[in-house]
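K.L.:
Just dropping this structure here.
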């Protein structure tokens, strides 16, 4: 595949200069092929290629060229918030051309009018869906859509929104899809009305292999029929030490957090034999100790690991800890990260070698049942192998128990194509949300007009019709849709559901519980919200089940279900309710983490979700004019974000004051913003002169 020099591109010289400043002189094969297929002519394209093959630059060239020649706005859409930050920082390069980049994610109940001043907007699929529902006026200026990580169409949770966004995007402008390699790329490209650019080119060649026991050690057998031996008692440790001793970095993937943490602790015991940058590692370890958004135990644990060049990484860690670990690995100071597979789908973090420690993971719905990981997951993990500019080859190895299992794994993962992408709108929850989204963003429709959008989905036609009929009936029956003069429109209740961006089953569950019950205890409200489809899920041990039920001293809004699967959701929601209850009653964070066996990242995720759900519950109660419930939920919402009792609500509204500082001030008779302004010297004495002065100024602004 021929490459193209950037000097030969029909681009503004200022664009060429920025590329040269980045060190780019020649486009790589996927980029060159995208140019040949019409990228700079505004053609719709679906680009499928491996990780780190330069797809982001394809999007940049397409967007910048279009904006400079045609005007308007472009939107770059990702499935993950971490990726929005990464892309936002990359696109800021173009501000010297007068092209401003903005970023938005989360906070679904707003139209983000401030974004009208930006040319490129980086956001998530869910956020764009919510912006369309809010009919943000500036969206009318958007005519170029980049659909990043488009293989997320196949993700059971994110896929429905990706598909819904793609359907509307292709009706509104030019679409550029960027995806990992997929087996039915031609079909998906046709669905997007786009030309396919498909390539398996990688910047660093990948050696794929399998490692299994043989005599006194382990043998690594590669796809190219070469092999080599590594020695030790454990395959992961033996292989990892072999790579690290040669100056490489290793990403080890384990199927659970516990396995990731234990594997990291095992590896670190052998790192004394490896040459490390001790001073830099000590500096990183000290940074970990200083992180404010993490628990003491996890900081201490990681501190000791990082001193020897090893860390673990999973969603249970706080963002502050994850950021330090990621940046230290990028800077090549950390040598080994042991992670759960979520890292493979997130930020760009390549290593010389990838070890896939488990090909099975627990089935979320069937207790005790293990599933083989999809081929796509294997490709995503193995695709992290090889750092451009540092490694001649990347290596990805799968750990298996014996030669017989090696043969099966070889056929399933190393020799197979990834699974074809299929619609994930095939559930009541996903499809009904899709119908709400279309009416909210596109306006009232006849059933025939609405059916035209349904025909645009990737669902088989008969299945789509079935869901359409049942969905329409259910949404009309539950007062979410109304039919007026042959047009389907949103009711007041339906509009609020759409604006809040909650699942319709969540809204109906809340409504039915609140209408049926008088005022309840705080645990009852928190449990109800956590039990909805939008509620956070968390593991509960058998011992915890009994303790949670024994601790319950008030009546819940939801009856205990007999179904085993539903009971697991019910008890998980009860655990979440108690976590949040302790949080809003100002229990110390370390105590909460220890009591419930969760990480600081888990706590933050639970708080963020319950912040949104208490806000949503309060607004649902408001629409239904259920004043008693509304008042309780409104106060709960005010307390959840900062984790405070009712008397501290006014104090934590002041920027710079969190739960600890608010309680300190309250204990010294400073109970509201006015008290801060009237007692500046006392505040400075309690909080220190610099912070105290800042807080006094902020309090004055609050009451102005």
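A Cβ is built for glycine as well, from the same backbone N, Cα and C atoms used for every other residue.
Copied straight from Swiss-Prot:
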- 31, 49, 50, 51, 52, 53, 54, 55, 56: ATP binding site (BINDING)
- 36-200: domain 'Helicase ATP-binding' (DOMAIN)
- 235-439: domain 'Helicase C-terminal' (DOMAIN)
- 366-645: region 'Binds Hjc' (REGION)
- 432-644: region 'Required for helicase activity' (REGION)
- 646-704: region 'Inhibits intrinsic ATPase, and helicase' (REGION)
- 148-151: motif 'DEAH box' (MOTIF)
K.L.:
For the region 'Inhibits intrinsic ATPase, and helicase' (646-704), report the average pLDDT of the model, please.
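P.N.:
Average per-residue pLDDT within the region 'Inhibits intrinsic ATPase, and helicase' (646-704): 94.
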K.L.:
Please list residues from the chain of residue 50 (ATP binding site) whose Cβ is under 8 angstroms from its Cβ, counting only those at least six apart in sequence.
P.N.:
180, 181, 200, 201, 202, 206, 379, 383
K.L.:
Same chain, not part of 31, 49, 50, 51, 52, 53, 54, 55, 56: whose C-beta falls within 8 angstroms of the C-beta centre of the ATP site? Give them in sequence order.
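P.N.:
Here the non-site neighbours turn out to be 28, 30, 58, 203.
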K.L.:
Counting across all protein chains shown, how many other Cβ atoms sit within 10 Å of the Cβ of residue 52 (ATP binding site)?
P.N.:
19
K.L.:
Once near-sequence residues are set aside, which residues in the chain of residue 54 (ATP binding site), 6 or more away, have Cβ atoms under 8 Å from its Cβ?
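P.N.:
Residues satisfying the criterion: 27, 28, 30, 31, 203.
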K.L.:
Here are the binding-site residues: 31, 56. Which has the lowest count of other Cβ atoms within 10 Å?
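P.N.:
If we count Cβ atoms within 10 Å for the binding-site residues 31, 56, the smallest count is at 56.
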K.L.:
For the ATP site made of 31, 49, 50, 51, 52, 53, 54, 55, 56, how many Å separate the two farthest Cα atoms?
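P.N.:
Between the outermost Cα atoms of 31, 49, 50, 51, 52, 53, 54, 55, 56, the distance is 14 Å.
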K.L.:
Count up the helix, strand and coil residues in the motif 'DEAH box' (148-151) according to DSSP, in that order.
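P.N.:
Secondary-structure composition of the motif 'DEAH box' (148-151): 2 helix, 0 strand, 2 coil.
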